[in-house]
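Here Swiss-Prot flags T95, T171, D172, K248 as active site. If you look up Swiss-Prot, you'll see 68-80 marked as compositional bias 'Basic and acidic residues'. Annotated domain 'Asparaginase/glutaminase' per Swiss-Prot: 85-414, in sequence order. The region 'Disordered' annotation in Swiss-Prot covers 53-84.
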Amino acid sequence: MEFKQGDRVRIEKNGTVYEGKVMPSMEGYITIKMKSGYNAGFSIDKVSITPLENNGEAANGGNGGKNGQKEPEPAKEKVSKPGLPKVSILSTGGTIASKIDYRTGAVTSQFTADDILAAIPELKEIADFKGRAISSILSENMDPDSWQNLARAVVEEIEAGADGIIVTHGTDTMMYSAAALSFMIETPVPIVFVGSQRSADRPSSDNAMNAICAARVAISDIAEVVVVMHGTSSDDYCEIHRGTKVRKMHTSRRDAFKSVNSLPIGTVDYDTGEIKTFIEYTGRGEKSLKFKPGMEPKCAIVKFTPGADPSVLDCYVDGGYKGLVLEGTGLGHVSTKWIPFIRRAVDAKMPVIVTSQCLNGRVCDRVYDTGRDMLKAGAIEGEDTLPETALVKLMWVLGQTDEFEKAVSMLGENLSGEINECTLR
């Protein structure tokens, strides 16, 4: 029986029937992806295999168009409803825009913004949507240039009259992109990042709920850059996280994203669409649109570990890097052996921001001698800023000014909600 990767087949073995799409398989075997999301493998000579059309009926070559070929699929219906708020969906790729590629068995970014809209019909009741593909990549391939291209596209959509923006994005580096846009754009409307932990063809996919909740936030009064993702492992509500205070805290759970050193801005109830807020936020229209691009890519995070060779800092200084984020222990400490190397970096006009590996809590280098020595060497306390956010902030600040003293001053300011005045327990 002839079949190829991507074909739908019915397999019978010992009276049990299995259906699914053919995946890459070893010679003499067939592996299928079943509707449940699980894979099943069989020895070809021990099963009966029947090719199926997409509707599950056995293929006979007579109802699929000329010469047994499938008729072209009808054009996707545009999801649009005039009179509702105008929301632009900008797709960059990631799991929310992914499905299984049956040529390789891997998850690939194959959907566009319009595909997402067509796949989730509930969206058309919320807003009048416009889809725009910015890229189709997994988020590990995003970089500072990608952030700036995305930011420009967001600004263009707002200037064109969008009442809200949704950015579909891979979850692994979504916090970096959200932070980058938080620093680059002052926005009068919501800019909502959303993704999913599980691809659209898996029964446990979180893409639909996350997208629907993101749409609710995109038409809300919350005019900030935010991340909207599952609040629990159940399909009950999503949390709204400030773009500079959010972090992915689990590799695969649907509720992987958490606000750190802050409460979420609020929650969105999946069933009712009700938004509850917990902390102050910038309201719709409170700020005029401002766009300040510019990112210095030659910045890095250095994680201190016991016994680590401090000369690694010299590698960055001699390599022409412009700024460093140190992940210190506890309150923000490194070994005393690192102090001269920090001083050399600062003397080379390289800002050095200190954050904590603890994530929760605030850096305070005025308690112990080592911390005081770090400050004397010129290190900058990152307060309660996340290391990843500190890196993006550093890149953005150095993209705005070449003056060392001005950069140091800006890095100590709360520019986009990345620093809280008081530490949250």
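Backbone N, Cα and C define each Cβ position, glycine as well.
Keep in mind the model is a prediction, meaning the values are calculated, not measured.
Distribution of Swiss-Prot features across the structure.
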residue : record      : Cβ within 10 Å
T171    : active site : 24
D172    : active site : 17
K248    : active site : 19
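Averaged over the domain 'Asparaginase/glutaminase' (85-414), the predicted model reaches a pLDDT of 92.
Cα to Cα, K248 (active site) and D172 (active site) are separated by 7 Å. The DSSP secondary structure for K248 (active site) is strand.
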